Amino acid sequence: MKGEAGSKLHDEKPKQEGHIWGSMRKTAFILGSGLLLLVAFWNSVTWHLQRFWGASGHFWQAEWERLLSTFEGKEWILFIIAATQVPSLCFWGLNGLLLVVDTTGKPNFIARYRIQVGKNEPVDPVKLRQSIRTVLFNQFMISLPIVVFLYLLLKLWGDPCRRELPTFHWFLLELAIFTLIEEVMFYYSHRLLHHPAFYKKIHKKHHEWTAPIGVISLYAHPVEHVVSNMLPVIVGPIVMGSHLSSITMWFSLALVVTSISHCGYHLPFLPSPEFHDYHHLKSNVYVHKNPACSSRGAVHSLKASRLSQVWSVKLHQNQ
């Protein structure tokens, strides 16, 4: 028996190594192709964007100086308004539109792209109201004090409301660093929250929605909201000593992206939320978007199931 077990392990080892090398080659191909495309289009795209940024730069600089004059001596108020209210408008503007689809199932040209067919059609109004209350609590009672702390911390580095706006290329560099830091911190904080010691008491709340909708991207335990939602996003601006304009755009972008990843619809021309949707459906499975991860097969199974459900509904309607 020991000999057979040893033989099986010996046979499986080359297969595992082959699978790893195959995954690495696939990842290298994807990254290499992406880099080639980036190099091919970088000069052209940045040239056009730089022209736009430069042409409108005087306008935005003048408007920014006007704001500074209005809030002279009270820059902290300007910081809090811009870093909280502008991103919140983006969050609730997008999710307001999605909630119309979630609660009415219309318009059909959006509803037809639902990933988990038959789930939340329509969404439970009682559960939705309770979730929105939690989201508002997190935004006003947790995010707001953290933004105040962020302002005080940035004042130690310099002035986040300094008179000169950042250049276009500097903002692109900041955005790349923000994204890298956020991805790493979110990944490991999220994995930590799936540890048995933390999942039941903290992260399970977020997974009450097995078929997520956009607004529940901020539906979380207060500890999770601090550790996994806020910290990964604010560390980048702290490290870079960023300008308020960069912070406002970054916070707005982060909220839009997380809303899309939770929206429950695979809409054309937008990043697919299927990985995260599957993660909510199977909360004991940690799905990562890296192509080397075997969980992609499970997501493809979910897509196949979704397609079969869609076609079965259509066939039933035609009968």
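Placement of Cβ uses the backbone N, Cα and C atoms for every residue, glycine included.
Heads up, TrEMBL stuff is auto-annotated, nobody curated it.
Annotation source TrEMBL lists domain 'Fatty acid hydroxylase' at 176-284.
The annotation transmembrane segment is assigned in TrEMBL to 28-49 (among others).
Per TrEMBL, transmembrane segment is recorded for 76-101 (among others). Same-chain residues lying 6+ beyond the ends of the transmembrane segment (76-101) with a Cβ under 8 Å from its Cβ atoms: 67-68, 70, 107, 110-111, 123, 128, 139, 143-144, 147-148, 150-151, 160-161, 213-215, 218, 244, 247-248, 251-252, 254-256, 259-260, 263, 265.
As annotated by TrEMBL, transmembrane segment applies to 135-156 (among others).
The transmembrane segment annotation in TrEMBL covers 168-188 (among others).
Computed over the domain 'Fatty acid hydroxylase' (176-284), the whole-number mean pLDDT of the model equals 90.
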